Amino acid sequence: MGEHGGLVDLLDSDLEYSINRETPDKNNCLSQQSVNDSHLTAKTGGLNARSFLSTLSDDSLIEYVNQLSQTNKNNSNPTAGTLRFTTKNISCDELHADLGGGEDSPIARSVIEIQESDSNGDDVKKNTVYTREAYFHEKAHGQTLQDQILKDQYKDQISSQSSKIFKNCVIYINGYTKPGRLQLHEMIVLHGGKFLHYLSSKKTVTHIVASNLPLKKRIEFANYKVVSPDWIVDSVKEARLLPWQNYSLTSKLDEQQKKLDNCKTVNSIPLPSETSLHKGSKCVGSALLPVEQQSPVNLNNLEAKRIVACDDPDFLTSYFAHSRLHHLSAWKANLKDKFLNENIHKYTKITDKDTYIIFHIDFDCFFATVAYLCRSSSFSACDFKRDPIVVCHGTKNSDIASCNYVARSYGIKNGMWVSQAEKMLPNGIKLISLPYTFEQFQLKSEAFYSTLKRLNIFNLILPISIDEAVCVRIIPDNIHNTNTLNARLCEEIRQEIFQGTNGCTVSIGCSDSLVLARLALKMAKPNGYNITFKSNLSEEFWSSFKLDDLPGVGHSTLSRLESTFDSPHSLNDLRKRYTLDALKASVGSKLGMKIHLALQGQDDEESLKILYDPKEVLQRKSLSIDINWGIRFKNITQVDLFIERGCQYLLEKLNEINKTTSQITLKLMRRCKDAPIEPPKYMGMGRCDSFSRSSRLGIPTNEFGIIATEMKSLYRTLGCPPMELRGLALQFNKLVDVGPDNNQLKLRLPFKTIVTNRAFEALPEDVKNDINNEFEKRNYKRKESGLTSNSLSSKKKGFAISRLEVNDLPSTMEEQFMNELPTQIRAEVRHDLRIQKKIQQTKLGNLQEKIKRREESLQNEKNHFMGQNSIFQPIKFQNLTRFKKICQLVKQWVAETLGDGGPHEKDVKLFVKYLIKLCDSNRVHLVLHLSNLISRELNLCAFLNQDHSGFQTWERILLNDIIPLLNRNKHTYQTVRKLDMDFEV
């Protein structure tokens, strides 16, 4: 009774239930409960069933299958008891007050319809074990049916816009509210939201509605979106989802944030004169507003402006949908994959013996041009050639993705904030901000590449980006290459692309090397072409470019070149001042040679790989996501969930390209100590310190459990507090194609237990396929006796499942002998055998076995270091390799030199050198043995030779040479023996 006493009523109705039960086994109930919970987790958790099963070890998987099959048997043949309940007529004060009647209300009629539809199954329910989980599951199912009936009843009276106001919102109402609970329930359901009658887990709810909260509830709901009922009322009235922050009950306003004193709220909704609802009535329900009172709203814009918290399951989807860089990287990767999979076999392979011309083609401010051509009617008055135009998400602190050349003439650049760009414009000039049109960007890019293929004048088309390509044309030996021919080709290409993209212009750089084609492209912009070959290079050409116009020259390299060569202003100045040796000394050998060749108009070997072996250069080598906006976590649990979602997203992409990964990398951006908690850019990253950590997985894999667990472990090794985290990147490196031989390195140990066919057939149908697939993945075959590894069928690869002593298996002769004994003696013998067996199974037997293993280990260690079968390379001293003979030699050496003025200096150096070699090969224990030997000899001869100079010399050698050597290498000795010591005489 105690387990069901706290159940929450779904519709404030009275439940009468009676339990007819026998006394069940408590342990059995607990085990069944745990299996049910794990089954529920596998079905409805954050991971799918396959991911859940893959995280289990072999033994855990078998135990889970056996318990689940046993639970399923018990549920199909109940013995513990049954629960019978009946639902009375629904009537409450709030229902009459808000809707004007009991059974005529839409919710009451919905419940009655559900009861009538379920009346035929009452006999089945009486004979079923009714658990707490089943009760809440049926409640949730009944709620879903009730809400669907309500929506179907008024679907013709609700506009498509207002029916999506609360899309993706899961709302729970806490306590008394005005309007009432049922009225708010109607508003939520009829306008696209989901209503929760009970709060089983706060993770499932997005908003909590309450009129007032006590202190305890305020603390409990401090990290959740708790709003007043006016938020629902005003959102329905405005026909759009209003910011919940304006209606928050728990959040405290920032000191710098102004309070909204003049915020207009609505306490009630204007209702029709008739509130009773009949099937034939034309009036709308109390949760609906007349259509003419609803202001039109663009749902696309509403969704675009919706901000999703980083702990929301839809955060990654929302983030990538609005990320320009994500679209760029995805399109670029798709272009390269398409080139490798479809077009590479169609192109001519280029060699170093071919004569070719490079056409480097690039759009002029691609995003700004496409956004202008596809602009809405509200921007129809702007002129692309006269007005400064930028493409961005919003205003103020939004980053500028692209700008036209008019805006660039005022100093505006890509990546600049809109507010900063507006300050650079003179008075009277207004900056025009156009939104992203990702679909049009992709269409224009596809038209660009299809036009290049249709021209059929190139032997190779290499995709660099969605708006940039390198095209190669091989010149036959019998055709003379002229600038006139190349100029005609450039004009033809530009004209065809302009027509194919409906108004987008491109610039072309034409040359006989990649680096010169790139520089010529820079000179040709905007909307032009330039033809420059190695044979006609001039000082005027080199004077047109800055140092960072060369490929591979960034900010760091630029500063080194300026400091080394007296701040050259152009490439022509650098060509006059540099020498190859000075260049290599400044920026390194490899980069120095690359810059040297570029200044001669030539390509280095690494750059030429894209022409000679494009498959190797363009194939995907890594897969990653990088989130640096909206990252605000409260605890480690949220971070773990976010990492799991990121890994799941990357694994889906990894499986799409049919690859596995053998190395993963986690990169973090942690807020700087002196940086503000909230940066100027809303939900931005601000000033951060970057950290990264990589891990090798051993063998390539695409298992979620392995990768997600390792990623979370990497996060803990970096030690970043969740509240200080501002950016997070997950990366899969060393991608490998999935093949049949990938599992050759996997080692599968046999199960300690087995699953019988009977137990397997008793499993629930919804998980039987997943478990069977998991067994197939682990290379196990189902046999009549159970599940065993097919690796056991091979004697060469067989493993000993358990080590059985001979005495554990009674022979037939022993049984016959026991049967011939008298009854009393036979009983005594059996009793003694049982005692002996118990002794063997006690801790005493384990202790004796442990002592025996330790002695064997010490003997193996001795043989390992000093025996004839030692794996170490022998270290000689005086042409002796056996340590025992070396000890005898040292002992004799000490004894003979004590009374003779001590050892010779060169002999001491040779001896110390021998000791150092022992330490370097991790044989410090041998050095310790020699030091003890010398110390022991000195102690024995102290009475006779303590006044001799030889005795003092050996003491000095021991104190100044041998003991310090031991202390410097004591960590090796401590690591093996777990000791903490200092060596002293």
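Every residue gets a Cβ built from N, Cα and C, even glycine.
What Swiss-Prot records for ARG324, 362-366, 402-408, ASN414, ASP467 is dCTP binding site. Around the Cβ of ARG324 (dCTP binding site), a 10 Å sphere holds 17 further Cβ atoms from the protein chains shown.
Annotation source Swiss-Prot lists Mg(2+) 2 binding site at ASP362, PHE363. Neighbour count (other Cβ atoms within 10 Å of the Cβ, all protein chains): 26 for PHE363 (dCTP binding site). Following the DSSP three-state reduction, the secondary structure of PHE363 (dCTP binding site) is strand.
The feature Mg(2+) 1 binding site is assigned by Swiss-Prot to ASP362, ASP467, GLU468. For ASP362 (Mg(2+) 2 binding site), the same-chain residues 6+ apart in sequence whose C-beta sits under 8 angstroms from its C-beta are ASP467, GLU468, VAL506, SER507, LEU521, LYS525.
Summarising the annotation, Swiss-Prot assigns domain 'BRCT' to 161-249.
Annotated domain 'UmuC' per Swiss-Prot: 358-554, in sequence order.
Per Swiss-Prot, the feature region 'Interaction with target DNA' maps to 319-329 (among others). The average per-residue pLDDT of the prediction over the region 'Interaction with target DNA' (319-329) is 80, rounded to a whole number.
Feature annotation from Swiss-Prot assigns region 'Interaction with target DNA' to 554-557 (among others).
The region 'Interaction with target DNA' annotation in Swiss-Prot covers 620-628 (among others). Long-range Cβ contacts of the region 'Interaction with target DNA' (620-628) within its own chain (Cβ-Cβ under 8 Å, at least 6 residues beyond either end) map to 310, 316, 319, 333, 336-337, 646, 649-650, 653-654, 657, 659, 661, 665, 667, 669, 684-685, 726-735.
Here Swiss-Prot flags LYS681 (among others) as site 'Interaction with target DNA'. Of all Cβ atoms in the protein chains displayed, 14 besides its own lie within 10 Å of the Cβ of LYS681 (site 'Interaction with target DNA'). In the three-state DSSP assignment, the secondary structure recorded for LYS681 (site 'Interaction with target DNA') is coil.
Within 10 Å of the C-beta atom of SER692 (site 'Interaction with target DNA') sit 12 other C-beta atoms, taking all shown protein chains into account. SER692 (site 'Interaction with target DNA') falls within a strand segment according to DSSP. For SER692 (among others), the entry in Swiss-Prot reads site 'Interaction with target DNA'.
Annotation source Swiss-Prot lists site 'Interaction with target DNA' at SER694 (among others).
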(message) Are there residues at least six beyond either end of the region 'Interaction with target DNA' (319-329) with Cβ under 8 Å to its Cβ atoms? List them, or say none.
(response) 304, 308, 367, 393, 401, 436, 438, 441-442, 465-466, 627, 629-630
(request) Run through the region 'Interaction with target DNA' (554-557) and tell me, per DSSP, how many residues are helix, strand and coil. (result) 3 helix, 0 strand, 1 coil
(request) Name the secondary structure element type, per DSSP in three states, that contains ARG408 (dCTP binding site). (result) helix
(request) Determine which residues of the same chain, besides ASP362, ASP467, GLU468, have their CB within 8 A of the center of the CB atoms at the recorded Mg(2+) 1 site, and list them by sequence. (result) ILE361, PHE363, PHE366, ILE464, SER465, ILE466, ALA469, VAL506
(request) Quick one: of the recorded sites LYS681, SER692, SER694, which has its CA closest to the CA of CYS365 (dCTP binding site)? (result) LYS681
(request) Kindly report the helix/strand/coil residue split of the region 'Interaction with target DNA' (319-329) according to DSSP, in that order. (result) 9 helix, 0 strand, 2 coil
(message) I need the least crowded one of these binding-site residues (SER402, ASN404, ARG408, ASP467), counting other C-beta atoms within 10 angstroms of each C-beta.
(response) ARG408
(request) Based on Cα distances to VAL406 (dCTP binding site), point out the closest of the recorded sites LYS681, SER692, SER694. (result) LYS681
(message) Can you tell me how many other Cβ atoms are located within 10 Å of the Cβ belonging to CYS365 (dCTP binding site)?
(response) 26
(request) Could you tell me which three-state DSSP class ASP467 (dCTP binding site) falls into? (result) coil
(request) From the recorded sites LYS681, SER692, SER694, pick the residue whose C-alpha lies nearest to the C-alpha of SER402 (dCTP binding site). (result) LYS681
